[in-house]
Amino acid sequence: MNFRKTAILAAATSVIAIGAASADTIKMAFIDPLSGPFGPSGEAAYTSFQLAAEHINANGGVNGDMIEVTGYDNKVNPKESLVQLQKAIDDGARYILQGNGSSVAAALIEAVNKHNARNPGEEILFFNYAAVTPAFTNELCSFWHFRFDAHADMKMAGITDWIAERDDIKSVYLIGQDYVFGQAVAAAAESQLAEKRPDIEIVGNELHPLGKVKDFTPYIQKIISSGADAVITGNWGADMQLLMKAAAESGSDVPYLTFYGGSKGAVSSLGEAGIGLLYQVSEVTTNLEASDEQYALIEEYKERFPDYDYYYHRAWNAMDMFVAAAEAAGSADPIPVAKALEGLTIEHAYGSATMRAEDHQIQQPLYISVVSDDVKYGVDNIDLGWKLVDAGTISMESAEQPTTCEMERPE
Amino acid sequence: METIVFGLLNGVSYGLLLFMLSSGLTLIFSMMGVLNFAHASFYMLGAYFAFTITGSTSFWIALFIAPVLVGLVGALVERYGLRKVHANGHVAELLFTFGLAYLIEEVVKIVYGKTAVDYRVPDLLNFAAFEIYGATFPAYRIFVIFIAIAMLVGLWFLLKRTRAGLIIQAALTHPHMVGHLGHNVPFIFMTVFGIGCALAGLAGLMAGNIFVTDPAMAVQMGPIVFVVVVVGGIGSLEGAFLASLLIGLLQNFAVGINASFAEIFAFTGLSPTSEVGDITISSLAPVLPFLLLVLMLIFRPQGLMGEQEL
Amino acid sequence: MSDATQTFQNLAPSAGAKFRQRTLPILIFAACLAAIPMVGPSRTFYTIAHQMGINIVFALSYNMILGKGGLLSFGHAVYFGFGGYVAMHAMNWIEDGSGLWAGFPVFFLPLVGFAGGALAGAIIGWPSCRKAGTTFAMISLGVAELVFAAAFMFDSFFGGEQGISGDRMNGVELFGLSMGPISEVYWFIAFWTVVGLVGMWAFTRTPLGKLSEATRDNAQRVQFIGYNPQRVRYLVFIFAGGFAGLAGGMAAVNYEIFTPDAMSLVPSGFVLIMAYVGGITYFVGPIFGAILLTYMQSMLSDFTEAWLLYLGVLFIAIVMFAPRGIAGIVFGIWDGLRGSNPGQYIAGLLMKLAGILLMLIGLIVLVEVSVRWSNGYGEVYEPFGMHLGHQNVLSWLIIVVTAVAGVALTRYASKDKEAA
């Protein structure tokens, strides 16, 4: 986006004028949807990365260099993403930021691997902030890929840990989208529940086609008549919102444990009906205890981008880790940064996070929260927000999952 | 038993919503042969207009004004856009509506923002009508059923019992003859297009608060309206009505069936772990309408109630 | 009774004219393609050019059924996808080096794609080609949805959401191309674009190609002269599917990944748009459309987030004011310049262009100012150093003045032309 490029450039140059005059620019390419139906989900993250970069630049940058984040609209299409990737490389970007859609992430990992193999000396790194298919840090793991979000199995571990503590939950219903990700979520739920609470009965395991269902009421009625005490779903986007709307409308009152309940619009479309119904597992919520500095940041974000909420804390984590790694390595070149990132631990506003060296998967605590009207920060510009539930903190150790990654590293 | 009752209730309420959405397209498609890909965009406009009017006045006023506004927009589109394009053939018309769909979506984004708006069910109807087998059935859905039936009766009366309706019906099948009889066919076309869009707007008004009112809602409704129109048959409102109910019921009952192909075709020795055997009927539910469409076109191209082939 | 013998002028083109009209444009096109790498283009240029080459073949194959066959399809990406998937699997077989595939060069994978697309066309075309017109269109819509849904159910062939990926740097090397760097893939794309172009052009010269046009215009008469129109449609459909598969095979090698998205309604709609915007009544029309729309799709989003709005306006403008597409405009101008009064024509043309430009400026300012206003991030549209905020009277003044002046000028130019 040209106007954005110029906006950031202006911001960056004004800082440069104050600070070091000899500063270089570290270019990062944000490749995600910025138009069309998925535009808002990309833009919410894009704005987060932008603000994070601005703060870093204002504090003197990375080894004196400024960060510039540029948006490339991939229209959530894998092929278009590869086109945008080539454009980004041409524009001098050595760091790729992406998160929406595992199919896009898979295509980018492949493409980055091949690019780095075929163009030695021009390596690029891929920072994945939201594509959670476990395979990316297991059998498909790559030295060039770092994931700054908990993957599906880790999130599921959070959910099943919480369920394990709840004796009143005796049966669980699984519903998800019928494709790799939805199937992986269902499989993880089954195996983890069998291990942690063998007495829990899985009363339903439903997969519906991706993005094709308009009215979820029949699914909800199946859930109700199954008598389940809790529902687990990895649904996202419209499938998530429509599922929850139908649940509220049909008077379903069991907890819906979701991966993406916190995504834009889900809470507002439910309204009061979401209280005590919609749960999410996430690496952070804005209503956790934090420093005044962090509160100020949340408010600054809201003021700058009134359409969105402070949701992508991982954007700050990713950028902070990048800065720490680049400063430790004394260089912003991809290979030294990647090596410095391995095993790096940082302290962020809500605790600490570690980049596991074996598979480049971030390790951090997870939180289970529920929609509530008793919160400091609402979401979607209404008074409802996310509140941590009892025993909702999942420690880093509990969330940690083993990996099968056998990584090939450059010498 | 539960499955049957739930299937019937949801099937009918969803089917009627579909009917509201597609009845307008049946009129437009039958009379003008226009593959209106922007029809769902008018549905979206209905929801957004209703949101605005509900915000400043009340839902009940929106119920009357929003569809009329959408109808006016539709009439303008016909008068100043489609009519010019008509001479260039159906593909041109189709592409025009393609472009229009993009245009409407982007303009909606600029005016209302890119994310969902908070369009709610009116408080008066926001309660559970009754409860069966532990699930409640919202009063608003009963209201939707009621409105849809009222609309059907109203349309039927208009088309079959009024003079204007007779002319429209005649123009549906024999536009040239109607023109020769001295009626202003372009005006009839404009009116029908407007009415068709108004009906889509009404559907958006009714559905926007059950589902989600955001700029993607038109894309989501997408091609299913064509299925209803084609399966129902050209020029037949009754057909569209039957087809909507059929599709609503089909989808809802299919969701209730957990059987997989392996179980159904066990006699062929299909393995439950194979990719084909693993498919369950309930996971197929949303694509069944398209299967119905293809089969219907191959074996009965005139549709359920249509008098002519496409 | 007059004498029945007449002297017919020989209407057949001379050998020179044949060369000029048929062979020369293709030679020029090929020469242009060959010249491009000499200017040392960037990676972005190559990437976009590859996408254009693929889309040119894809859009031309679509025009075989729409422009030449009169069949409106909403599912042409299905054949593109099948071709691509088959080629993708073949690429992986080459990597495994099993049996026959060990000696198969990656360079010839588009042929495998052609076979895959043609096979899919032969299977799906059988029930759907029995009818033409809207019935055919609706069947293609249904089939496209079904195939797309099936793509998520049969992971072994379609690879689920993540698709199938492979590595093109395997197997036998041809022409000294390792196929690794993007500049080497360029020759592959250029070669197959020309092959596809020549192949499809040659097809229009075959009896089947001629019959296809006849069937489009009047199926009944084709039947009278002893051909079965259903069969003609079916055969054309298979060839169109094959060439779409060829494009799919090119895409498979270029991107080294194929996902089910490539078979959805979105690319099917996009190819329709490419063909129509380019001009379906001309053989070369879809080439223009493919070039323009590929560029818009990948580059326009750099300049504005409202690029879909401009796309919508472009379609509407094309169908309303230039129904023969870009090719129609280009050939219209060409004819005008060679017409009786080129001076006057150029004057009128320039006036029209100026009018369109003014309207465009008005539109762009309106859209860009509104988009920023709507976003509420406090960004301001600043073209050429001007500061056009939504509170600035100047912005709205520019919008109104340019739009009104543009409309007036174009109207005047058109009227002037009619009078003349």
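In case you wondered, yes, glycine gets a Cβ from its N, Cα and C as well.
Annotation comment: TrEMBL describes B:12-35, B:47-73, B:85-104, B:139-159, B:187-212, B:224-246, B:253-273, B:279-299 as transmembrane segment.
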Practice task
Among B:12-35, B:139-159, B:187-212, B:279-299, point out the range having the most Cβ pairs under 8 angstroms from the transmembrane segment (B:224-246).
Solution key: B:12-35
Practice task
Sort out for me which stretch, of B:47-73, B:85-104, B:139-159, B:187-212, B:279-299, has the most Cβ pairs below 8 angstroms to the transmembrane segment (B:12-35).
Solution key: B:187-212
Completion exercise
Counting only residues at least 6 beyond its ends, the same-chain positions whose CB falls under 8 A of a CB in the transmembrane segment (B:85-104) are 32-42, 44-45, 77, 218
Handout entry: Paired segments the transmembrane segment (B:187-212) and the transmembrane segment (B:47-73) in contact, 3+ CB pairs under 8 A
Key = yes
Fill in the blank from the handout: Residues outside the transmembrane segment (B:253-273) whose C-beta sits under 8 Å from one of its C-beta atoms, at least 6 past its ends, are 3, 6-7, 11, 279-282, 284-285, 288
